[in-house]
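> So Swiss-Prot says this about it:
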- THR8: phosphothreonine (MOD_RES)
- LEU196, GLY197, LYS198, GLY199, GLY200, PHE201, GLY202, GLU203, VAL204, LYS219: ATP binding site (BINDING)
- 456-521: domain 'AGC-kinase C-terminal' (DOMAIN)
- 456-564: region 'C-terminal' (REGION)
- THR492: phosphothreonine (MOD_RES)
- CYS561: S-farnesyl cysteine (LIPID)
Amino acid sequence: MDFGSLETVVANSAFIAARGSFDGSSTPSSRDKKYLAKLRLPPLSKCEGLRDNLSLEFESLCSEQPIGKRLFQQFLKTDERHVPALELWKDIEDYDTADDDLRPQKAQAILAEYLDPQGTLFCNFLDQGMVTRVKEGPTGSQDGLFQPLLQATMEHLSQAPFQEYLESLYFLRFLQWKWLEAQPIGEDWFLDFRVLGKGGFGEVSACQMKATGKMYACKKLNKKRLKKKKGYQGAIVEKRILTKVHSRFIVSLAYAFETKTDLCLVMTIMNGGDVRYHIYNVDEDNPGFSEPRAIYYTAQIISGLEHLHQRRIVYRDLKPENVLLDNDGNIRISDLGLAVELKEGQNKTKGYAGTPGFMAPELLRGEEYDFSVDYFALGVTLYEMIAARGPFRARGEKVENKELKQRIISEPVKYPEKFSQASKDFCEQLLEKDPEKRLGFRDGTCDALRANVLFKDISWRQLEAGMLIPPFIPDSRTVYAKNIQDVGAFSTVKGVVFDKADTEFFQEFASGNCSIPWQEEMIETGLFGDLNVWRADGQMPDDMKGITTEEAAPTAKSGMCLIS
């Protein structure tokens, strides 16, 4: 009997069972009651100091933070003066993500309901000059049609309505959630499943948050290996960038904590495996992707790169292995340990970083470079998705790094027949040796890439709203990862002793919950709805007074309601 294969089968079965529904969400039965009981809103007496330490910026509190946005909208709904602005806000967001064939009808409804003085929800706070321009402008399905109205609405809400919110019970409820969000968390909150892969400093395994049942991927960075290989800088850079960037095309960081041996990053689990695995391992007799599938992934990578570059972050390690598929078949880019953040006023950086075969000529020559190196790597990635080999070596060819460097710097790329003229031309523009001529990030956007004929069938608005159906949907019964025995194990690191500076670094790294992903988890798994209990008479809820559900039970006739 092959015990290695048996171990993989058992581990895969446990992992798939824990996943439950393949979307990675949880059900009440998958929650650990002991840890679920710890997720309880505190009495207000514990939240008194939070208001003074909290940034009271409108956009952060009421738009960016998911729980903050929900509570602010719930507050607006309780006051008829604010309902028109609330409903206009929601309807514009609905219009922005609607299918093209539904947009004209939704646009007409917005004009009639909110901009007409006879409308049921007429918004009298809007500047009439702006209203006239919107009414007289084009109508239909174009993007940004109501952007001026949305900006004006948010400006209106950030004034008196926001100040009223700050004095309301709904803001006190937000403080309760912020207190809960700030509570310490460690490895005991997570249940580990099978190893999914291995990086330079440790393993990546599937894990489950015990209180909510939500599945994640846990990247474990061995402390001794980090110190021995001088990996502290890369680890903290990756954590800082993941904390800062929130994009559907980049993995999200939900938790950061330490154990005795590891620094742990708990991130979005991508159950579909990595693109390299799909290129070579899913159909070994027919490696590579059809062109439409490769184009779809390329479009999503472009959106992810744009989000990084708009935040002045050079990725430096784009390759199929770092592009992961989620449950639905959409991709996110991962592994930002080699990324570098350009300072304000700094346009370029320098340094040897990346994976052989994916590094741009200017980087290999030791020159300064900018975001353009990532678009060269995108060209290599697109080429490999279609051809099932890199552009600078034949499949299975062993090439010394010195020879590979020379090919990248000076040799032209040859394209097999699998490439259409459009995909070849696009690849050529990405693999341009001269970074000044290379297609890429210009004037703060990737619009020049989006306009390429290769993407004529892609609706970028729907792509970025997560509305398109991917060309490949992973099988819920399959684990898209190497067998456990093929992942390999790390050797023991000896002779490493930690000092005070190391301990301080570990403590800084282990910052606990990350606000936006944590709030999203509370909403997605139903915990927000379960705990967001209000009295029907509008008075202060019992949990704010420190009265438990059991203690409040005898007076339940006074009426309670749930709002999620």
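Think of each number as a place in line: the chain as shown, counted from 1.
Placement of Cβ uses the backbone N, Cα and C atoms for every residue, glycine included.
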> Hey, what's the Cβ neighbour count for GLY200 (ATP binding site) at 10 Å?
15
> Including all protein chains shown, what's the count of other C-beta atoms within 10 A of the C-beta of LYS198 (ATP binding site)?
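Summing over all protein chains shown, LYS198 (ATP binding site) has 15 other Cβ atoms within 10 Å.
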> Can you name every residue in this chain, apart from LEU196, GLY197, LYS198, GLY199, GLY200, PHE201, GLY202, GLU203, VAL204, LYS219, with its Cβ inside 8 Å of the center of the Cβ atoms of the recorded ATP site?
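Everything else in range on the chain: LYS220.
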> Among all the protein chains here, how many other CB atoms are within 10 A of the CB of LEU196 (ATP binding site)?
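Summing over all protein chains shown, LEU196 (ATP binding site) has 25 other Cβ atoms within 10 Å.
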> I'd like the Cβ neighbour count for GLY202 (ATP binding site), meaning other Cβ atoms within 10 Å of its Cβ, all protein chains included.
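The answer is 21 other Cβ atoms.
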> Within 10 Å of the Cβ of VAL204 (ATP binding site), how many other Cβ atoms are there?
21
> Within the domain 'AGC-kinase C-terminal' (456-521) only, compute the mean pLDDT.
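Mean per-residue confidence for the domain 'AGC-kinase C-terminal' (456-521): 85 out of 100.
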> According to DSSP, collapsed to three classes, what secondary structure does GLY200 (ATP binding site) have?
coil
> For the domain 'AGC-kinase C-terminal' (456-521), DSSP counts of helix, strand and coil?
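Final tally across the stretch: 26 helix, 2 strand, 38 coil.
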